Structure formats: structure tokens, C-alpha cells
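According to Swiss-Prot, the protein carries these features:
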BINDING   SER10, GLY11, SER12, ILE13, GLY36, LYS37, ASN38, ASN120, GLU122, GLY201  NADPH binding site
BINDING   LYS121, SER147, GLU148, SER172, HIS195, SER208, ASN213, LYS214, GLU217  1-deoxy-D-xylulose 5-phosphate binding site
BINDING   ASP146, GLU148, GLU217  Mn(2+) binding site
Amino acid sequence: MKNISLLGASGSIGTQTLDVLRSHPDQFRLVAFSVGKNIDYAVKVIQEFSPQIVSVQREEDVLKLQAVSGNTKIVYGSEGLLEVALHPDAEIVVNAVVGSVGLLPTLRAIEAKKTIGIANKETLVTAGHLVMEAARKHNVSLLPVDSEHSAIFQCLNGENEKRISRLIITASGGSFRDKTRDELHHVTVEDALRHPNWSMGSKITIDSATMMNKGLEVIEAHWLFGIPYEQIDVVLHKESIIHSMVEFEDRSVMAQLGSPDMRVPIQYALTYPDRLPLSDTKQLNLWEIGTLHFEKMNQERFRCLRFAYEAGKAGGSMPAVMNAANEVAVEAFLQKRIGFLTVEDLIEKAMNHHNVIARPSLEEILEIDAATRRFVMEQI
């Protein structure tokens, strides 16, 4: 029986993580979780899983939950998030929150020697050097939950990572993959939220449409697997059947395939190095699919992917700036305050405005994050 703490239980990854726990009640126990403002959902999860600690975003929601939570301790805010991450009984902390708010809980959980199931891209994007140093220092495993990084991780089982020639990350292309840049001037929030292959939260669905999601994954892969950016490629693959590939020195290529279902990489992170049945996921039938398509990625068409490569190669504080600018811009787009292509423009302005700090401390990263958010908000 593995004890699990789940950060971000009401989001897309969080709800699918609970599906996995539900499927294997003899294998996993939920000891703590966090939610934002979805209190009705939190009540249902408490009633089903009986966790010891639950954290909510706002203090005013604590009393609402306490009235129905029984023996479950209710906490709130950033301190509450840390309490969930540091639950003394938790062996695995699944970080499924959206945005840079996931950074500090991850670092503290690593220091407490928890195994980390990392679904929060922004943690490695904003502070990859700090996270990987901490993981090495405390001998902690970071197990990828993203389908692409899980695919690479699985392809590397039993392999010598020094023999890697290239990582090939696949991209569905998002909801606007067939549109020209001229057509993107007029797209709506509703258009952007219709992803062709995956069921995800609103922020990551917009990131998929801009291709920033893939850019974040490139930076994340750089840190997780220690591969230079020059050896990380992205290929457009509309079917989302091949989740990523690894090319080795002898030009052999290993790929991980499967029907698009986030529960597969989530469960693998929780059961690693073992595997368990996942009977209600769709079996892959290649003869039904017939053909798999691949296209070269155009970084002028998808400028956010180019920004991510530029930020990653610049290093230091630049990825944190790019990430903060993107979070503010995407939120403004979701609120219909800016157009779709303005997201790219705001990120570019923020990156051009910033002077890179080579090895920023945690405090400097948090300051840069806040300053970048203020700068971008002033541009809107």
C-alpha cells in the first residue's frame, strides 16, 4: 500500500489520478490533497477517500469544509499546500497544480525525501537547476507524469543515457494546427478550448493551441534527462499515438505508443517500476488507425515553441520570465481581454525586457516571477 499526497485534486490530472487510485484501492491510499476553490468537489473526495489533511485556496472555505469533513484536518493557502506536500505518511507526492505555485511544495517535498510524481511543468521550467540539484542531494526520484516525458522515461528503461543521440517529442498541434497565422487573428476562446485528442484543463489546452505546452515540455525534458536543447526535437504527430521517441547513437529509435489516455502515464508513475492492469483504457489497434502522420514543426508558425527554445538556451532566469508572462497572457485571453496572437506578443515583450540572471536563487526566481507578472499586466 502506497500513501499518496495529491496537489491539485480538482484539475484534469488530479481527477484522473483519483481515477487510478479508485481502480486500485488495495494499492494506494490518499492521505492528503489540495484543491483551489472547488469546494463541492472537495467534499465528495473527502467522503470517498477519507484523507487526513485537505488544503483549500481561501480561508473562507475552511469553515465550509470543516462542517462536513469529520476527522479530516482542513488547512488553506500556501502554507496549507506545503502541509499537504509534507504529510509525514506520504511516500509519493503527485504535483498536479497548474502554474508556478507548484514550485515551493515540490522543493520542500524533495527535501523531505518524498518521491515526486511531476505533472506540474512550471516547476522544472522556472527552477530546473534548483529542483534537480535538490533531487540529487536528497536521492529523490522525479517520476514524470506528462505523457511525453513518461514515454521517454519508459524508452530509457535499461538503457545507457550516455548513448542518447536525440529526444523526439511528439505534438498533436493543438486545436489550431490546421489554421494559418492569418486565420488565428480571429479565433475565439471557445475555439481554442476544443482540443482534438486530449481532455485537459483550460490553461494547458490554450498552451497546446499556442504550442507553449510543447515548449515547456522541451525545457522539462532538458532537465529531467540532462539532454542539451540541440538534441531535443519536436515533431507534429496529429494522432497522438506515439507519445515520444528516443534515438540512440546507433540510430536505433525507441518509441512508446498507446491510445491517448493520461491515466496510463499517471499510473506508471505511481506503480514504477511495476505495472498494473488498466482494463478500461482503450486498447491500441494499429489496423484501425491505418496511418500515422508526421510533419516538421514550423517555429515561425508556432512562435511560442521558438520562445521556449530561446529561453531554455539563454538559461538562468529567462525560462521563469517566459513562464510568468505566458501564465498572465493566457489568463487574459481566457477572460477575453486580449486576442489569441497577443499571447505571443506579450511573452516576447517580457523576454526582451529581461536581463538574465545566470543562476538565480529561489528568492530571486520568485521576485522575477512577480515582477514579470506586473510588467505583463501593465501591457494589457
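If you go along the chain as it appears here, the first residue is 1 and each next one adds 1.
Using the three backbone atoms N, Cα and C, a Cβ is placed for every residue, glycine included.
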Cβ-Cβ neighbours of ASP146 (Mn(2+) binding site) (radius 10 Å) = 27
Quick one: Cα separation, LYS121 (1-deoxy-D-xylulose 5-phosphate binding site) versus ASP146 (Mn(2+) binding site), in Å?
-> 8
Within 8 Å of the Cβ centroid of ASP146, GLU148, GLU217, the other same-chain residues by Cβ around the recorded Mn(2+) site are LYS121, PRO144, SER147, HIS149, SER150, ILE169, ASN213, LYS214, LEU216, GLU220, ALA221, SER244
Using DSSP reduced to three states, classify ASN38 (NADPH binding site) as helix, strand or coil.
-> coil
List the residues of the same chain that sit at least 6 positions away from GLU148 (1-deoxy-D-xylulose 5-phosphate binding site) in sequence and have their Cβ under 8 Å from its Cβ, in sequence order, or write 'none'.
-> ILE169, THR170, GLU217, ALA221, HIS243, SER244
For NADPH, with binding residues SER10, GLY11, SER12, ILE13, GLY36, LYS37, ASN38, ASN120, GLU122, GLY201 per the record, max Cα distance (Å, no decimals) returned as 22
The answer, for which of the binding-site residues GLU122, GLU217 has its Cβ ringed by the most other Cβ atoms inside 10 Å, is GLU217
Could you work out which of the binding-site residues (SER12, ASN38, ASN213) has its C-beta surrounded by the smallest number of other C-beta atoms within 10 A?
-> ASN38
In angstrom units, rounded to an integer, how far apart are the Cα atoms of ASP146 (Mn(2+) binding site) and ASN213 (1-deoxy-D-xylulose 5-phosphate binding site)?
-> 11
